[in-house]
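> Copying in the features that Swiss-Prot gives for the protein in this structure:
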type    : residues              : note
BINDING : 15-22, 63-67, 125-128 : GTP binding site
LIPID   : Cys204                : S-geranylgeranyl cysteine
LIPID   : Cys206                : S-geranylgeranyl cysteine
MOD_RES : Cys206                : cysteine methyl ester
Amino acid sequence: MPSRRRTLLKVIILGDSGVGKTSLMNQYVNKKFSNQYKATIGADFLTKEVQFEDRLFTLQIWDTAGQERFQSLGVAFYRGADCCVLVYDVNSVKSFDNLNNWREEFLIQANPSDPENFPFVVIGNKIDIDGGNSRVVSEKKARAWCAAKGNIPYFETSAKEGINVEEAFQTIAKDALKSGEEEELYLPDTIDVGNSSQPRSTGCEC
């Protein structure tokens, strides 16, 4: 059977626990939203096949736990990322204030070759809560923060209502492509999982 070659782009979603990282990922990939909150343990990822400018590529979206005790997992998961998405809850000042910590954490752990130009995207989520009346972080304040960090693209979303989720991820995909650190993924029509129990090196010298 013939095989296909695709470009693999790795995207990392970071932010405090409970800001809606998993919901954003599920809304984009599966067009689904669940009101039942379940904290991500460690990290999880979903993939979506996307076509852009006559190119077929696979977007691999990593959803990492927001709890500090899991930040030590960062090196393995952050390395090789093509774009980093910083998410906060517009109804939580703390989650917004922590964006800088998450950005710095990523740059330290991922150690990109060109940190000044590495693509970030910021998402202010949960704009649907209480009809927007409970928000405590203004769009103006968020955009000012993004401008100060090198004009980071900014989106306000509702994972629950699907507002601006598609638009945000379109920009994420485009920025990931521009990063230039693309990996070619060889995808055969059948996948041999017979040796899946054998450990694989992450390249980390521990």
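Yeah, the Cβs are placed from backbone N, Cα and C, and that goes for glycine too.
Mind mapping these onto the model and telling me what they sit next to?
For Gly18 (GTP binding site), the number of other Cβ atoms no farther than 10 Å from its own Cβ, over all displayed protein chains, is 14.
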> Under DSSP, is Gly15 (GTP binding site) helix, strand or coil?
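Coil, per DSSP.
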> Hey, what's the Cβ neighbour count for Thr64 (GTP binding site) at 10 Å?
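Thr64 (GTP binding site) is surrounded by 23 other Cβ atoms within 10 Å.
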> I want to verify one value. Collapsing DSSP to three states, which class is Lys21 (GTP binding site)?
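Where Lys21 (GTP binding site) sits, the three-state DSSP reduction gives helix.
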